[in-house]
Structures are given as C-alpha cells and as structure tokens.
Amino acid sequence: MAELWEDVLRDKLAIQEAALVAVDAALLEGVLMRTEREPNASDVVNYAPFTLLPSAVPSALFEQAYAVQQDFNLLVDAVSQNKEFLEHTLASTIKVDDFTARLFRIHMQVLEEGLAQSVFLGINRSDYMFDCGVDGTPALKQIEINTIAASFGGLTSRTVAVHGRVLKVLGKSKEASRLLPNNPSKGLALGIAKAWELYGSQTAVVMFLVEEVQRNIFDQRCVENELWNRNIRVIRKRFRDVFEKGSLDDARRLYMDGQEVAVVYYREGYVPKNYDQQNWEARLLLERSRAVKCPDIATQLAGTKKVQQELSRPGTLERLLPGRAEAVARIRATFAGLYSLDMGEEGDKIAATAIADPDRFVLKPQREGGGNNLYGEELRQVLEKIRDSPERTSYILMDKIKPQPARNYLLRAHSPLQVSECISELGIFGVYVRQGTEMVMNKAAGHLLRTKAIEHADGGVAAGVAVLDTPYLV
Ligand code: ADP
Ligand code: MG
C-alpha cells in the first residue's frame, strides 16, 4: 500500500511551515496541557503533543470498533454486577497483588453493607491496535478496556480542527473535508448529566475527583464546560479533601462542605501511588455513599487485566451475556490471545513458551497508566525469575500485536522536528447509565487516536510517549 501522505512527506519546507501553523492552531483550539515544571498552575501552559498529519485508519476496522462498543458497555456492566465472577477471577491475583486486594476488600465491604447507590454510570474507553496478519490484512485487536479515568476525550474533541487546518495548508482541502467530526467531551458529559438527573436532586453537584498533580486539567475542563452549559454545578476535589470534608448522612447521601454530591467522576484512584491510608479511607467513604460513582469499585475491578484475560476463555462471554450470541461474536472477534499465569500446568506451559519466544508476547501486571508492561528480553528475564513462584499470578500474558508502521511527525514542545516511524492505537469511548436493572443509556461517545514512535513498546500520552492524532479513514 502506498503511504498516505507520501508527496507531502517529501517536501521538507512545506512540512516546516505546516508545523508552525499546527502548533498555533492547537493553542488556538485549546489542545493544552500544563507544563511539567508548573503542573498545578495555568500561568504557563503548552500544547499537548500531537501528530502533524492525521494517520490512516482502515475504515472497516474503525466501523467495527464503533459497532462493538455498546456490547462492551453491556459486558463491563454485567461483570461489575457479578460478585461470583469477580471473586473467582481475582482470587489468585489478590493473593499476590496488594493494590488489587485492597480494591477488592472495599468491593466486598460495600456489598456486605448493601449498596446505597441505585444509579450507575460507566465511562470507558476500549483501545485497539491494527494487527498485521501474515498476508498483510489488518485486524482489529483490543489492547485493553479502561473503566476508570479514561482520558483525552476532551482534548481530542479539538484535534480535528487542527489537522483540518494542517491539511489545508498543505494543499489538501478535499482530504481535510473528509475528517470525521468527533466530540467525546459532549458524549461523556451527557452520560454524567443523565446520572445527575436520575439521582434526582436539583441542588446536588458533580464532583470531579482529581489528582494532586493536575497537568491534564484542560482535558477535564472540556467535560466540565459541557456540564456547566447544562447548568450543572461542578466541583473539583482530591481524596485529601474528601478525607477532611466529606461526610455521609443517615441515608448515606454524600456531602462535601455541606454540599450534596450526586455524581463522583474519578480522574484519579487507578494506581497505587494515588493512595495513602487517608485516601483509602476517603475511597471507602465514597463507595459506601449513595452518590453515583463513575466508576463504582466493582466496575473498576471489571477493567483489570486479569478480568480481560479470563473473559477470553471459551464459554465465559456466553455465561456473562446470555442470549446475546451476536454481541458475544462481535466482542470475541476483537480479542487477541490472552493467557493465565495461574499456578498449574496451563500456566507452566505458557510461561515456558514465552521464555523461549518472548517477542511473541507482552507480560502485563495489574497496573494502569502506561509504562508497566514487559517486552522482549526483559519479559524473558522477569518470567524466568518468577516462573515457579506464585508471584507470576500477578501478571497475565498477551499476544503481541504487530501493526504496520507509517511515517509521521510528532510535535512536542521543545523537541526538534523530525520524521518518525509510528504506530497508532484507536480508542472508542463508551458511556452507559443504568437505573436499578434498567439500562437507560448505552452509547459509543466518540474516539481517540494516539500515535507513538515504534521505538517505544509502551506508554500513553500522559506517560509522554504517545501523542494525539486524528484518524483519516482509508
Ligand atoms: P495501561 O493500562 O498501562 O495503559 P495497556 O494494556 O494499555 O496498559 O498497555 C500499555 C501500552 O502498551 C499500550 O498503549 C500499547 O502501546 C502497548 N501494548 C499493550 N498491549 C500490547 C500488545 N498486546 N501488543 C502490542 N503492544 C501492546
Ligand atoms: Mg492502555
């Protein structure tokens, strides 16, 4: 296949000029991030890294990813309500992984007390790469599904305009007009607004639970803005604030500083470093409350890598989604090979295979946020060390996806303009709202394309590896 922007990539001067326009367009559109030096102030901000050119995405795979999103929403929701499945699936993991164990303990504790929450809001992002088969035909393969703090829905709502401008500057107006509109921030906000409405108190607020370090605040502000535009009040608080000022009344309504909270939208709480003892207590308070948590702790657990691996076992999807054979088939078609490292013959065998041929696999611990997976020689060394120890059950193995690289320019503040061989990861945002047993909203809410240089095996935009991109359907 000829490269998408081959003619453009040959013209260095045109590229340089377009890059200048691109950066200003990004600033103008609000594709922004705070700086590493001043992560908690907006006096100095910069553009979030992005590609100069939109990247080619096969349109059939793009449509396939959208078409399966409502199925994934149903699946995540079903897993979150299935106490036995979560208990059984995570049994080996929580023996060796303290973080997952603590989350799990809170999950059990709130179930024992009885849930006060009756409205449920899920915002997830299912991520895929385009695997190149032996014959070169690309296939859509899921990398993971993020059920907590799935980010960049805000900023990516603003990258289409930037890439449209770049294409026009490069004399490609027709191509610019083919870029698809995309507005996840609105879709996410509609979900939050629906949950807020069903909670049923006009004076209650939506609380964004945010990190201590807030470089990516503008991404969140995009969603906040959509809520303010609907006259829904938004407050931003950290776990620390909840510990100090949060309380429950007799009906377990959640109050912050005397203000009732209808929805808690977590943009925090997904990695161990987010928690000290006080923050764990704050998390428990939130989970016990009647407020709509996005996600509740069960839904966070449904997004673990261990759950992903167990879902790929024959028969599991059928059990979780009875009577939905077509949804099951659509979901299964996106699965790459996933393997349990639980103690026993099955785990011994796959560990030996991976040690012998590490480049076929990725070794994944139960962590989020990028930069945690192991590849190649490092995978082999670690697995060799833990192959006979229960420690291995804190990981899963996954087939390595091998996409076809394409050339692009990754624009980053203070970095020289140079061409890179790149691969992309497509994410689809899913939003759903359930009231009791009734699904009242189930949608795909937009997409996110992230692109990185092939030298990096791992890592997202926040980790400083991938950059924002826009799909150009081919
Ligand atoms: P995290 O929760 O840290 O985001 P991911 O499963 O998304 O974990 O992995 C992080 C990154 O590692 C992905 O964005 C992707 O670039 C790379 N990666 C993960 N799984 C695979 C795989 N099976 N094949 C190739 N690359 C992968
Ligand atoms: Mg990821």
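Placement of Cβ uses the backbone N, Cα and C atoms for every residue, glycine included.
All TrEMBL annotations are machine predictions without curation.
Record check, TrEMBL: Mg(2+) site residues include Glu144, Asn146, and the candidate from Glu326, Glu345, Glu346, Glu368 also listed there is Glu368. With a cut-off of 6 Å between Cβ and the nearest atom of ligand 2, the binding-site residues Glu144, Glu268, Tyr375, Lys400 reduce to Glu144. In three-state terms derived from DSSP, Gln220 (substrate binding site) belongs to a helical segment. The DSSP breakdown of the domain 'Glutathione synthase substrate-binding' (204-302) into helical (H, G, I), extended (E, B) and coil residues amounts to 41 helix, 26 strand, 32 coil. Non-local contacts of Gly371 (ATP binding site) by the CB criterion (under 8 A, 6+ apart in sequence, same chain) comprise Asp458, Gly459, Ala463, Val465.
If you compare Cα positions, Ser151 (substrate binding site) sits closest to Glu368 out of the binding-site residues Pro365, Glu368, Tyr375, Lys400, Lys452. DSSP assigns Glu368 (ATP binding site) to coil in the three-state reduction, placing it in neither a helix nor a strand.
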